[in-house]
Amino acid sequence: FILGETCSALLLFISIMTMFMSGVVAIFEYDLKKIIALSTLSQLGMMMFSISLGLYELAFFHLLTHALFKALLFLCAGILIHGAGNTQDIRSFGGLSLNFPLVTVCMNLANLSLCGVPFLAGFYSKDLIVELACQYSWGIFVLLMMFICLSLTVLYSVRLTYLSFVGPYGGGTSISVCESDYSLVGPVVILSFTSLVSGPILSWLNFPAPVLIFLPVFLKWGALFFVGASLLGMLSLQGLTYSYKWGAVSKFSGLMWFLPWLTGQGFSMKTLKNA
């Protein structure tokens, strides 16, 4: 590796913990923009994970595909916030698919691409990283953590979709007239098209020769197994939506595992207060 074995091992550990932390925090988060930002942090961890294994071209490939469907996700979130009375709390959403049918389709398309559903943009880069990581990985712990992080991505994405579009009405206001504004909907439709076709196009441009990967059957089915387990986990964790029995865990996750305090926020607050 260009980074060296020690630097690669350190980057591997940091990237896996970043993916794991952002996935766990996103499960307990209710702010729409924070959930999307945490998913961005998770995918950045995936890119660094790819770099730590020496897969630099794949990291750049995932950066390109991720930029397209994540831009679509942020634009759809902005339309929802604007149409829901400028609120970002997903608990006040619910049933928005009736008022925002086009945005619902486009946002779910971006979410499915984020989860790595086959034949969408995120699948071509994410699945390639996962399979090559299974082939060149450092051990069973790394593989297990990678699959757990993948399942966490599916978990908070499906949770976001359920609370925003499928779940019961949360009591917030809704202005469906937003979808008649072409300056808002136009870029969303264009990015939705790129989220569909950019995966194979960028794959052909970056990798003109086909990539052959030989893996055991249980590793080939590993990602699908963890994705299915995460869907079942989402159904069992629906109590987190309205229950406060997880208050301590939710507070710990909401504070990003106290990392802001440990990385300077606590010191800054003390010094600024004294000043």
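Backbone N, Cα and C define each Cβ position, glycine as well.
Remember, TrEMBL labels are computer predictions, not curated facts.
Residues annotated as domain 'NADH:quinone oxidoreductase/Mrp antiporter transmembrane' in TrEMBL: 5-147. Per TrEMBL, transmembrane segment is recorded for 6-28, 35-53, 59-81, 102-124, 136-158, 184-205, 211-235. Per TrEMBL, the feature domain 'NADH dehydrogenase subunit 5 C-terminal' maps to 156-273.
Counting residues 6+ beyond its ends, the transmembrane segment (184-205) has Cβ neighbours under 8 Å at 61, 64-65, 68-69, 71-72, 75-76, 78-79, 82, 102-103, 105-106, 109-110, 113, 119-125, 178 in the same chain. Residues 115-116, 127-128, 130-132, 134-135, 143, 147-148, 150-152, 154-155, 158-159, 162 of the same chain, all 6+ positions outside the transmembrane segment (211-235), place their C-beta atoms under 8 angstroms from a C-beta of that stretch.
Across the domain 'NADH dehydrogenase subunit 5 C-terminal' (156-273), the model assigns an average pLDDT of 73. As a summary of secondary structure, the domain 'NADH:quinone oxidoreductase/Mrp antiporter transmembrane' (5-147) carries 114 helix, 2 strand, 27 coil according to DSSP.
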